[in-house]
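Presented below is the structure to which this report refers.
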Amino acid sequence: MKKIKRIAVCTGGGDAPGLNAVIQAVAVSAANRGWDCFGIREGFNGILFPERYDGNGVIRLTRDRVRGIGHLGGTILGTTNTGNPMSFPMTTPDGKTSEIDRTGEIAAYFASHEIDALISIGGDGSLTIAEHLCEKYGMCVIGVPKTIDNDLDKTFTTFGFDSAVSFATECLDRLHSTAQSHNRVMVVEVMGRYAGWIALHAGIAGGAHAILLPEIPYDINKVANKVRQRSAEGRDYSIVLVAEAAHACGSGMEIKAPAEVGHQERLGGVGEHVARELGILTHKEVRSVVLGHLVRGGGPTAFDRLTALRFGSAAVRALDLGMNRIMVALGMLGVDYIPLSEVAGRMRTVPLDCDTLQTGRDLGISFGD
Ligand code: F6P
């Protein structure tokens, strides 16, 4: 077993509250073992494009550098969800575009700088790259699951999710009073690219009257019935929470916003669409609000901060114990270690029989089905 002396950490994909707490725990736990710790800037860009960072694409993460960052949102390293190094977009001299695998450059950097292991903090995309680096180049990599969307398999939760749900719930609390004062329907759209976890949890906690999830294609007439039923019972306002990937039954299609060149396709607009249709069907005043990146910004809740610190320290402990090619995860009894091959490329959507969903149904919330 190779003795660890130098490690690097990177953050990839969309940011999530708690990233800085993981970085802090990794750097301090490494320093306490006498290891050097480095941070790669903006995913792997610090290695792939050193010129962009004036030679500082990979920075030393000393104890001083990470002091006092655990409660801060975002990531001190920066992150990116474009330019996956496994399929990097490139324009050939004849103007054609193709994709190339640049992961060899990352492996070569680690070898030439004698960095023994990588701690890769990210979602599905980053964990797939992590598994590829182990598989193809024999690199030592530990994954740390991150996403506000909570859609990663084999972990009870990802850090960032609780912060997103807490903020969205607070927004719903605020919208209740204004919706009630004006007898309006408020349609609120929240993030959740492949799964409706944020909408489900915030919707139930925040007392939404209808929740539309990508897992349950909705019938707008059913949602309108719910609004009408509430009015008939003297509750002349309603809150409808819509996950950005929700879609009407029969359509099978999410609503997409125009994407910038080179960026992943963006979801967005379903809230406005639902609001328009509800206005026509119910003849009520309807307003739509998109929470968008507000649910991803800001600092982590205490739960997310603690989870992130536990994940960071568990990742370093895993390396100290000689583990490789695993993801740290939150199990029911503590931190688990799961083979990367079991999580890479796997998505965890809301199971239709989960008790949280049943809770919503018991409370009379409409899911548009
Ligand atoms: O995966 C996290 C996430 O916040 C999704 O919920 C959302 O669809 C996406 O990222 C938005 O990405 P961007 O910041 O590129 O708009």
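Keep in mind that glycine also has a Cβ here, set from the backbone N, Cα and C atoms.
TrEMBL: automatically predicted annotations, no manual curation.
For reference, TrEMBL has these:
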- ASP149: active site, proton acceptor (ACT_SITE)
- GLY14, GLY123, ASP124, GLY125, SER126: ATP binding site (BINDING)
- ASP124: Mg(2+) binding site (BINDING)
- THR147, ILE148, ASP149, ARG184, MET191, GLY192, ARG193, GLU244, ARG287, HIS293, LEU294, VAL295, ARG296: substrate binding site (BINDING)
- 6-319: domain 'Phosphofructokinase' (DOMAIN)
- GLY125: site 'Important for substrate specificity' (SITE)
From the binding-site residues MET191, ARG193, ARG287, LEU294, pick the residue whose C-alpha lies nearest to the C-alpha of SER126 (ATP binding site).
ARG193
Would you work out the biggest C-alpha to C-alpha distance among GLY14, GLY123, ASP124, GLY125, SER126, the residues that bind ATP according to the record, and give it in angstrom as a whole number?
11
I want to check the contact list for GLY123 (ATP binding site): same chain, sequence separation of six or more, C-beta distance under 8 angstroms. What comes out?
GLY12, GLY13, GLY14, PRO145, LYS146, THR147, ASP149, ASP151, LEU152, THR158
Sort out for me which one of MET191, LEU294 has the most neighbouring CB atoms within 10 A, since those are the binding-site residues we care about.
MET191
I need the CA-to-CA distance for ARG287 (substrate binding site) versus ASP124 (ATP binding site), whole Å please.
34
Near ARG296 (substrate binding site), which residues of its own chain have a C-beta under 8 A away, given they sit six or more steps off in sequence?
GLY14, ASP15, ALA16, PRO17, ILE148, GLY160, ALA164, MET191
Roughly how many Å separate the Cα of GLY125 (ATP binding site) from that of ARG193 (substrate binding site), to the nearest whole number?
13
The correct three-state DSSP answer for ARG287 (substrate binding site) is strand
Out of ASP124, ASP149, the listed recorded positions, fewest other Cβ atoms within 10 Å surround the Cβ of ASP124
State the Cα to Cα distance, in Å, between LEU294 (substrate binding site) and ASP124 (ATP binding site), rounded to an integer.
22
CA pair ASP124 (ATP binding site) / ARG193 (substrate binding site), Å rounded to integer, equals 12
